[in-house]
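Checked TrEMBL, it gives:
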ACT_SITE  A:CYS87  active site, nucleophile
ACT_SITE  A:HIS195  active site
ACT_SITE  A:GLU197  active site
Amino acid sequence: MKTAVIVFPGSNCDRDIAVALEQTTGHAPHMVWHRDTALPAGVEVVAVPGGFSYGDYLRCGAIASRSPIMQAVVEQAARGLKVLGVCNGFQVLTEAGLLPGALMRNAGLNFVCRDVALTVENAGTAFTRGYSAGERVSFPVAHHDGNYFADAETLDRLEGEGQVAFRYAENVNGSARDIAGIVSADGNVLGMMPHPERRIEAAHGGDDGRRMFTGLLEAVGA
Amino acid sequence: MKLRIYVTLKPGVLDPQGKAIEHALSGLGFSGVDSARVGKLIELEVADGTADADVDAMCRQLLANTVIENYRIERA
């Protein structure tokens, strides 16, 4: 499986997710700079990492989402490219219009940095096929702006269409309907605030995140 | 030509910062503050004759996230 990690100025989970991809797929991902205008040929999965791209200026993820490489990601996502956005990456994907809604300041105003229990809502996506529906997993969160917002009609649609991938078992940031991660209507784009790439081996305190990457590998079939 | 772009949260979108300000004001003893909402003011210096449509496009494509925010353009 050929993968790529997008690197913006201020990304800080790019190497974590690169290690997770390399350990689970056996191949190091291409590290792609935000100014690049095209993805390397044959890339099947793109990770948009966590961090503070452009210092969170204007809005979290706003400026990164308008960078040249994101235009290429948006174009290829329309043709089925699998895109995983974690934390700041989720914010970038909503700002880029690849996922509905927006991530706002946490309802409690605090930066939340801790492990959080999640429920797998939809285990039928390319990203979550390694899990079972209703399964409880634990991932770390570390964010200030993870409060998922969308209008009621959009939330109803997300729930009705099975686009809610993960919910918080305990809502740590005020997210609407406890939503922690969503997939696009076509199922090829997933955004989530918690960090699966920080839970891939026992030394991390657990390996619940590993199955996201091994599942993707199975889904892509390489 | 100077423009002022006011970006504000849409009605109904929860504003935790506004809530904190509201509580802090009542903590200072100011009574009768029913609500506080926080927005942004962006000042742009643009070429004279910049078309309204271009300024509107700047707001829609970058300056405001129209999922959660409204914007208002004021020519100074």
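Here, residue 1 is simply the first one shown, and the rest follow in order.
Even glycines carry a Cβ here, placed using N, Cα and C.
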Which three-state DSSP class does A:CYS87 (active site, nucleophile) fall into?
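Once the DSSP labels are grouped into three classes, A:CYS87 (active site, nucleophile) ends up as coil.
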Can you tell me how far the Cα of A:CYS87 (active site, nucleophile) sits from the Cα of A:GLU197 (active site), in Å?
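The separation of the Cα atoms works out to 11 Å.
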Counting across all protein chains present, how many other Cβ atoms fall within 10 Å of the Cβ of A:CYS87 (active site, nucleophile)?
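The Cβ of A:CYS87 (active site, nucleophile) has 31 Cβ neighbours within 10 Å.
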Report, as a single number, how many Cβ atoms besides its own are within 10 Å of the Cβ of A:HIS195 (active site).
23
